[in-house]
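J.: Got a structure for you, questions after.
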Amino acid sequence: MLKLKALVLPLLIALAAPAAAQSDYPTKPIRVVLPFPPGGGTDAVARLIGDGMSKRLGQQVLIDNRPGAGGNIASDLVARAAPDGYTLLMGFSTALTVTPGVSPNLTFNVAKDFTPITELAAGQYVLVVHPDVPVKNIDELIAYAKKNPGSLNFGSSGTGSPHHLAAELFMAKTGTKLTHLAYKGASGSTTALLGNEIQLVFGSVTATLPHIQVGKMRPLATSGLKRLPALPDIPTLDESGLKGFDVTTWYGLLAPAGTSQAIVDKLHDTAVAVLNEEKTKETLNSLSLEPIGNTGPEFGALIARETASWAKVINEAGIKLE
Amino acid sequence: MELFSNLALGFSVALSFHGLLYCFVGVMLGTFIGVLPGVGPLVTISVLLPITYNLEPSSALIMLAGIYYGAQYGGSTTAILVNLPGESSSVVTCLDGHQMARRGRAGPALAIAAIGSFIAGTVSNVVVAAFAPALSAWALNFGSPEYFSIMVLGLVTAAVLSHGSMIKAISMIVLGLILGLSGTDVNSGTYRFTFGLPELTDGIDFVVVAMGMFGLAEIIANIQRPEAREIFSSKVSNLLPSRADMKASAWPIARGTALGSILGILPGTGTTISSFMSYALEKKFSRHPERFGHGAIEGVAGPESANNAAAQTAFIPTLTLGIPHNGTMALMLGALTMFGIAPGPQVMTSHPDLFWGLVASMWIGNLMLLVLNLPMLGLWVKMLAVPYRLLYPAIVILSCVGVYTLSNSSLSVVLLAVFGLVGLVFVKLDFAPAPLLLGFILGPMMEENLRRSMVMSRGDPSIFVTRPMSVAMLLIAAILLASMLIPMIRHKKEEAVASDA
Amino acid sequence: MKTSILGNKDFLGGLLLVAIGAGAAFISRSYPMGTLRQMGPGFMPFSLALLLMGLGLLLALRAPHDGEELEWGGGLRPVLVVLGAVLLFAQVLEPLGLVLSSMILIIASSLAHTPFRLRETLLLSVGLTVGVVLLFAYALEIPFALWPRGL
């Protein structure tokens, strides 16, 4: 019986113990939840900024990779976390603006459950085709796709991923029909494009640029409103005749709603300071990302704006998401 | 010869003071991490990543790679000694390696694993050095239908793994496939078999299933049989493999090396399947297949060579295309990006010191592993002489904490207990757990490739038999299946005749 | 050789498979099946569940011919104690912290073994706990709470 008592006693003590009071934030490591698996550009950005923040905050910033469900897993985790500043979300554009809107039984609400801290960086996609596809520009691609409806496959990293939505938007704007193949992770669709299993993809700059440089992928256009510094000769889709085509991606830092303003401010100032470091700027540039660092309310407005515009696109284009 | 000048460059990097130092540090750390149940190279590399920013890119890559293959090596040690497979490739090593250990032959088992791994590492390294670009181009011919077919082949070979009933083996594979599907569906984002638990939306971690069904179940079974515990401490015959052992292992090592070198190139699938296939191959080639599962040294030599060869050639797509195989390699590529080196096809030409330095260091690392580990054999074997009542709580605590760190979730620990129970029940009912584990790993990949193939063919299943590589693999699978079923049926008939008489 | 069918390994195993298959089929019935061209998330799990039920049935039917008798050797104590200790660890790790829960797990799992030696077990639990803390919390920098919350 003595043994049982020895087991139960600490349990009772633990139950009776009051919650720890927070004063000199941060007093323990901060966890940044990322809706992507380790590796790749996003992970690198998170680790770079996390590393910089941890040096300034004097506490470790741990990157917690929680991929899946288009980002809902990570968002849900942070939405339900204690608003004490020790669990933050590395928000990704469509994971916050699209996925929640199309997911049934959603357990969180982006507008209500998060306090935006700052938008960290923004980037755009490159529309690339396999070099065997006989098209050199967007007009030719549209003509080719219209002549051979459904014969071109495009890859994405899952239904509702930005790669998928950008292609759906492209189809809606051009009246073409492409076939969708979903891969787990961006590395799957890169391999598939190189092997000509898919013929086109809206790929990230980091995933496509090395292959563009050796001629294994042919860039046709970029997805933002400004040309990419790394590919100055490649027009935007907007310039190529698809007026108003603007798909960008961004990464931003969010805290669970209810986090005290003092903590949010401290995190904001730290993140912006890291973004202003020369080393950060260089690395972001090498990933073809633009450092941002706006205010929390500005970031919140961006989320609201894009949520509305994507909803409109999904409705008008009749995109079906299961 | 360009290859030789390249290799000379590589060795000049790898044999430099820094090259050797970081290779040594990586290999040692990796072995240590690999030996601990439940702690993988992924967590180690993520922790070390910020430190590596202060190193030269080539030193950093050499060290991270050393951790990766050192961990694989250490994992085999744990698999042989205490039946705990830390990763998919060591599941097969458990089957006969641990049986050898129980028969007082832990020394030869560990030694043959080390020797096989070294030979396989050397050969596959030459493959990487000589044919990396050609092989990565070849691997691109593998589309979704080919991946699906090779997985079918892998599953059929898994049915060979178990001794005893084929129906039971196939049932375990199917059960594994179903379990593997739990989590989020890539195509639709639907949560499947998550029972409303958000922690399960990422699926169940392989390590939890493997450590529960093998490790925990084994511990309980050992405590249940007091006499079995004594086997460990019984007289250990000799540490090194005998001449007969070496002779028996020569061909398995050669075949395993060839198999692993080829399959390793296929992202994700190859490394896992290669050790399972090698085991099946050796069992088929053996004149005494009934010894398998009871401490056959071929069953350690072949798969260990295969998985080490595959681990080396797995670097080919990572280095030549910048496409990572698994989380660990993705982290290594991430490290390169931070150095301002865009991983991709140009790395070989723009940073030859990096590529060739890594190739050369992998060979040196393998040599280090062999040289470091042979003298340690005695130490490992002595560990088994520790009374089991002291050893097993250590295994339990390390497994539990290790499993928790996979996703920092208590649910993983609960699942460890659940799969421990599942493993016990199935072993009591004579179901072998190894086929379930292979099914578990391949389940989600198989579904993904099947669904993509069907979209590609616009709903026509003939896509699997009209593509040459796919049909070839399905044919091999069919032949293998037939070669297992026919003797079984014949055996049954003879049995029936005998009982009639 | 021929004994009660209820003690037959293959019969029991077959029934277990049928039960698991039925459960899986029941759950996956709610996921969309899709078409052959555009398979839904329910297609694979449902087909596999049916296959598992079929295999289980086959095994159970052949049991009188193939199956061997189940042996209940070994006793339940190791099963209950080891699994119980692991489950207890899962429950107390977050509230009690790594140090106390490690000690609890080591002591509790040692109870599976007879005879239980108190002094030895206590020493073992202290030694192993120190090792675990050094390894995971310090060397691997995993964010564990070492002590109970609020202390």
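Including glycine, each Cβ sits where the backbone N, Cα and C put it.
TrEMBL: automatically predicted annotations, no manual curation.
Predicted, not measured: the structure shown is a model, and the values here were computed from it.
Annotated domain 'DUF1468' per TrEMBL: C:12-144, in sequence order. The feature transmembrane segment is assigned by TrEMBL to C:12-31, C:43-61, C:81-109, C:121-140.
Show me how these features fit into the structure around them.
T.: Taken residue by residue, the domain 'DUF1468' (C:12-144) breaks down under DSSP into 97 helix, 3 strand, 33 coil.
Long-range contacts of the transmembrane segment (C:12-31) within the same chain: residues 6, 40-42, 45-46, 48-61, 63, 70, each at least 6 residues beyond the stretch ends and with a Cβ under 8 Å from a Cβ of the stretch.
Sequence-distant neighbours of the transmembrane segment (C:43-61) (same chain, 6+ residues past either end, Cβ-Cβ under 8 Å): 10-11, 13-25, 27-29, 31, 33-34.
Here the transmembrane segment (C:81-109) has long-range neighbours at 121-122, 124-126, 128-129, 132-133, 136-137, 144-149, meaning same-chain residues at least 6 beyond its ends whose C-beta is under 8 angstroms from one of its own.
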J.: Considering every residue in the domain 'DUF1468' (C:12-144), what is the mean pLDDT value?
T.: 88
